[in-house]
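Enquirer: Starting off with a structure, shown below.
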Amino acid sequence: MDFDVGKIDLHCEKNNTAHKTNDISVNRLIVRRGQSFLVTFELHDPSRPTTDLLELTVETGPQPSEALGTRSVFGVPEGCGKGSSWKVKVHQGSVLPAGSITLDITSPADAPVGEYNLSVKTSATASVGSSLGKLLLLFNPWCQEDWVHLPEEEERQEYVMREQGLVYKGSDKYISSMAWNFGQFEDDIVDICLKLLDVNPKCLSDPAKDFSARCNPIYVSRVVSAMINANDDGGVLMGRWDGQYDGGMSPTHWNGSVVVLRRWLKYGGNPVKYGQCWVFAAVMCTVLRCLGIPCRVVTNFQSAHDTDKNLTIDDFFSDYGVRPKQSPDSVWNYHVWVEAWMRRPDLSVDSLYDGWQAVDPTPQEKSTGVYCCGPAPVKAILQGHVDLKYDVPFVFAEVNADRVTWMVFADGSKKNIFTDTVSVGQNISTKAVGSDKRVDITANYKHAEGTEKERAVYNQAVKKVNIPEENSNGIHDDKPGVSMKIVELTKPVSGKDIDLELVLNSNDNETRTLVINVNVQAMRYNGIPSSQIQTELKEQKLLPNQDLTIPIHITFSVYGEKMRESNSIKVSAVVTDKDKSGAVYITEKDFVPESPSLTIKAIGSELQYSDMMAEVVFENPLSEGLRDCFITVTGSGLLTETMEARMPLLKQGHRLRVKIPFTPYRPGPKKLVAGFNCDQFRDIKASCNVYIKPFTSVVPPLP
């Protein structure tokens, strides 16, 4: 018998709450795979589910196919749609005599993620089913059968549900944190994430195959890695590292992912200008968390960029203290990528490589012809298994390459000064679960430096990438006749002069005449000098068993302007012994001046839909006025858009205090993020945590 379908209820609020997607929306059905959801509809005649046919169909993508897993036919009574991976049963809440039937539907834990059409046929003879509506299906870290299953609830809350986080920057000795607004639950972000998948080149060339492959988090994370950068597709962000940001925003301007993703969509998929590694990584974290893949942002300090895949980084110096030629290799002060949590049955049947996978959307090197990187199992990186996919050798080098320093002389000849097996890959950091503490996860990536195990893994990796032994070793064992170090006398603070010392000492009884060249450069965070700050050349005698101290004074009036688009100051010293031909000594140190203080706090009752105020304060630390000052404030769940306040001039010693009203619209742990800009300082950041209690309309009883 054929029945007409009447009123339909997708129970969006109830289903979405059960599937932990209600922060995205309660007005559309968004569910997670491998978990049941309810759908109710009315039939104009009473239903007899034990005998009457109810045949359901779900379809996603163009040319949906049961063979590809993008179409499934299933239903009641039991046996209808036999062999289907989607399951349905009549829910006990059905009122069958009244013609109201509630179905309990469960998708398979390996169904492709994306938007589905759901329809029902009430007769075997009906040619076309009646539409029940659309649903969005996401990955499910709560489902044990899903490849992205994360066992601990506290970690699921942090790596899937948390809308704000911290990104670590600076250098290995000057680590700072920057608050980031991921905003994965803003109501349009899930559609932007699906749009991102739809316009990826693999989908455009073979959409049926691409939609089918969206069942696999390995595939999806690799596609997202490629689509966050715009190098060879219609990706989100254009990278730029030369300090020239005309026609766009400096990468340091961004405080969150939402505005970046919305801008990409608004301008028809044209890339947003501009991004650097932490922006690429944080935007990717937003996309993966939105799709349901657990994800965290990771920073590697002293991060190697190995262009020739030999697991070594070559640094070149001249005898006047600067780098005479730019090596294709480099060591970045820091580099940021993401880790995504998933199983890797494609690599091992015994779960050997399951867990965190390094995935990097920053366009550094091509992988199978595309600018993407990963997913590379962190466990494989630790063990030096560089013969595994994807891109394990590249990430291994980022955290564990050897660094070879060469001296280049005037005649073009060069000398291996020393090989550093320790400094690459320091203080690998991510935000702690449930707090704003920094967690050092270096031990996940490599064994402790200086241990036999670390060297054994490195040498094994070298053999696996087929590098001749003489290119991978060659440690310079000569003990230097002069030791030296650069010491800070006061903590470097932007806006103030910096005082350092170069301390030299000899380890023998000779008196030495030394030519000392001290060079100071403003550096971009990727290890490339942006400008020369100052240089000093002097000749001094170094007496036996005595320290020789050379003061280094760097004034803000000299370095300030040159640091606006730079991350750090590199001080290097090249010392030659006049009495010993070829005796050359090198030391260098990076300093990251601390930004002047910016503070933000929330004022008012921390209650959903209650009026609150964000107060931002900045005091001018300079002996001159600051011009073109402006403050930005953002925060998902707190402000629906970024708010700005401007001041043309902030006089010497004066304080800028701005109050911005907002009304929190989503409960839970949130974060206000503020940024300050002016003619002298760029993108100073501050943040504060706010816990918004949920609104309740229940009036408490009178005492």
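Every residue, even glycine, has its Cβ placed from backbone N, Cα and C.
In TrEMBL, annotation is done automatically, which means it is predicted and not curated.
Straight from TrEMBL, here's the annotation block:
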| type | residues | note |
| --- | --- | --- |
| ACT_SITE | Cys277 | active site |
| ACT_SITE | His335 | active site |
| ACT_SITE | Asp360 | active site |
| BINDING | Asn400, Asp402, Glu449, Glu454 | Ca(2+) binding site |
| DOMAIN | 269-363 | domain 'Transglutaminase-like' |
Enquirer: Just give me the nearest neighbour of Glu449 (Ca(2+) binding site) among the active-site residues Cys277, His335, Asp360, Cα to Cα.
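Expert: Of the active-site residues Cys277, His335, Asp360, His335 has its Cα closest to that of Glu449 (Ca(2+) binding site).
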Enquirer: Which of these active-site residues is closest to Asp402 (Ca(2+) binding site) if you go by CA atoms: Cys277, His335, Asp360?
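Expert: The smallest Cα gap between Asp402 (Ca(2+) binding site) and any of the active-site residues is with His335.
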Enquirer: Of the recorded positions Cys277, Asp360, Glu454, which sits closest to His335 (active site) by Cα distance?
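Expert: Looking at Cα distances from His335 (active site), the smallest one goes to Cys277.
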Enquirer: Near Asn400 (Ca(2+) binding site), which residues of its chain come within a Cβ-Cβ distance under 8 Å, counting only those 6 or more away in sequence?
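Expert: Same-chain residues close to Asn400 (Ca(2+) binding site) (Cβ under 8 Å, separated by 6 or more) are Leu311, Val424, Gly425, Tyr445, Lys446, Glu454, Val457, Tyr458, Ala461.
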Enquirer: As a test of the contact definition, list every same-chain residue at least 6 positions from Asp360 (active site) whose Cβ is closer than 8 Å to its Cβ.
Expert: Ser225, Phe280, Ala281, Trp337, Val338, Cys372, Cys373, Gly374, Asp391, Val395
Enquirer: Cβ neighbours within 10 Å, counted over all protein chains: which one of the binding-site residues Asp402, Glu454 has the most?
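Expert: Ranked by Cβ atoms within 10 Å, first place goes to Asp402.
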Enquirer: Run through the domain 'Transglutaminase-like' (269-363) and tell me, per DSSP, how many residues are helix, strand and coil.
Expert: 15 helix, 40 strand, 40 coil
Enquirer: Long-range same-chain neighbours of Cys277 (active site), Cβ under 8 Å, sequence gap at least 6?
Expert: Trp332, Tyr334, His335, Val336, Trp337, Thr362, Asn526
Enquirer: Provide the number of Cβ atoms within 10 Å of the Cβ of Glu449 (Ca(2+) binding site), excluding the reference atom itself.
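Expert: Neighbour count, Cβ to Cβ under the 10 Å cut-off: 15.
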Enquirer: Excluding Asn400, Asp402, Glu449, Glu454, please set out which residues of the same chain place their CB within 8 Å of the center of the CB atoms of the Ca(2+) site, keeping sequence order.
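Expert: Going along the sequence, the neighbours come out as Ala401, Thr421, Val422, Val424, Gly425, Lys446, Arg455, Tyr458.
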